[in-house]
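S.K.: Sharing the record's features from TrEMBL:
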{"type": "DOMAIN", "residues": "110-251", "note": "domain 'Yip1'"}
{"type": "TRANSMEM", "residues": "125-143", "note": "transmembrane segment"}
{"type": "TRANSMEM", "residues": "149-168", "note": "transmembrane segment"}
{"type": "TRANSMEM", "residues": "175-199", "note": "transmembrane segment"}
{"type": "TRANSMEM", "residues": "205-225", "note": "transmembrane segment"}
{"type": "TRANSMEM", "residues": "237-254", "note": "transmembrane segment"}
Amino acid sequence: MSNWGQFDSDFYQSNYTIDNQEQTCNDSNACGNLYGSRKQQASEQPQPAFVPAEMLVSSAYSGQFFQPASNQDYYSPSSYIDSFDEEPPLLEELGINFDHIWQKTLTVLNPMKPADGSIMNETDLTGPILFCVALGATLLLAGKVQFGYVYGMSAIGCLGIHALLNLMSSSRVSYGCVASVLGYCLLPMVMLSSCAIFFSLQGTFGTVSALVIIGWCSLSASKIFMSALAMEGQQLLIAYPCALLYGLFALLTVF
């Protein structure tokens, strides 16, 4: 039994003493004092000032995410009406200007009238297409189906005149401008083909009329090219190839 008691005393033996217990108590008191002081400081801190409810409501975000604010002026019907009124007319967007077409037609009909270069230097193909169709239609009424020849010679002749004018003038000219001028100057030839519906042109009168119409068309075309490309003193040089082109149309009309 003595050995068992000694074993218990040895087993439960430790270095813990009363002094350590007192030190622990002192530490716990210090911790309690520290916690009490912090609690007192927290209670002594000033409370935040009173904030009115209006400020809280105004500061809150009342919108929705990913939805822009609507603008009543932008979506108003008046804005659509104003934008629609400011749009150009449909004919102007398509490049069809009847005022310019009429001025070009008058310039062709009067070879002595000076041409306006700003109007003539345009790629307006409305008038030339109408005159080509009119020439083919009048030839058809005269018993000559020549639509393919009219379109073919027009395209090839425009290519040749376009290349010649680019070699002669310092300023470049577009193919559309050349086709427009040559097409407008085809109007006197339409008048000649209209005469072929009522009587034959295979005679002296027809030959003289064809020569007059060829000179009329070539002089009008050369005048327009000279004013549009600023080729002063070169009208006769431009009129010669134009006369060759319109001579082919005259052969179709007469024979």
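The backbone N, Cα and C atoms fix where each Cβ goes, glycine too.
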S.K.: If you average per-residue pLDDT over the domain 'Yip1' (110-251), what number do you get?
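M.R.: Taking every residue of the domain 'Yip1' (110-251) together, the mean pLDDT is 89.
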S.K.: Would you mind listing the long-range same-chain contacts of the transmembrane segment (149-168), meaning Cβ under 8 Å and 6+ residues beyond its ends?
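M.R.: Answer is 132, 135-136, 139, 175, 178-179, 182-183, 186, 225, 229, 231, 234, 237-238, 241-242, 245, 248-249, 252.
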